[in-house]
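Below: one structure, written as structure tokens.
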Amino acid sequence: MKFVLLFGVLLVTLFSYSSAEMLDDFDQADEDELLSLIEKEEARAKECTPRFYDCSHDRHSCCRSELFKDVCTCFYPEGGDNEVCTCQQPKHLKYMEKAAGKIKNLFG
């Protein structure tokens, strides 16, 4: 009986050790793959369009403000037939950023 118990403990120990090593190998492979993906993403990233600049060429290229990404807003100027698109911050997000800044200054 002692032999079976000793053999069982040894088997469980070896199994847990081998599974831990396999998990470490998988984690290392995942980390390497993630780093290579991040490097590729940074290399492919392009310049963002600053606030109040024309974004009609790429409507998803607006820069981020402190908390939120600016939105490409298109409109027709008064008396004009051409559509104009610029990166702007919606007013409700502007107010939220101001409130967050005040709270940060109050508690930070």
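Any Cβ shown, glycine's included, is placed from N, Cα and C.
Note that the coordinates shown come from a computational prediction; the quantities given were computed from them, not determined experimentally.
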Look at the disulfide annotations in Swiss-Prot and name the partner of CYS72 from this list: CYS55, CYS63. CYS55
When you check Swiss-Prot, which of CYS48, CYS85 turns out to share a disulphide bond with CYS63? CYS48
With the disulphide bonds as Swiss-Prot has them, who is the partner of CYS62, out of CYS85, CYS87? CYS87
Applying a 10 Å Cβ distance cut-off over all chains shown, what neighbour count does CYS48 (disulfide bond) have? 17
About how far apart, in whole Å, are the alpha carbons (Cα) of CYS87 (disulfide bond) and CYS72 (disulfide bond)? 4
I'm trying to understand the geometry here, so how far is the Cα atom of CYS63 (disulfide bond) from the Cα atom of CYS85 (disulfide bond), in Å to the nearest whole number? 14
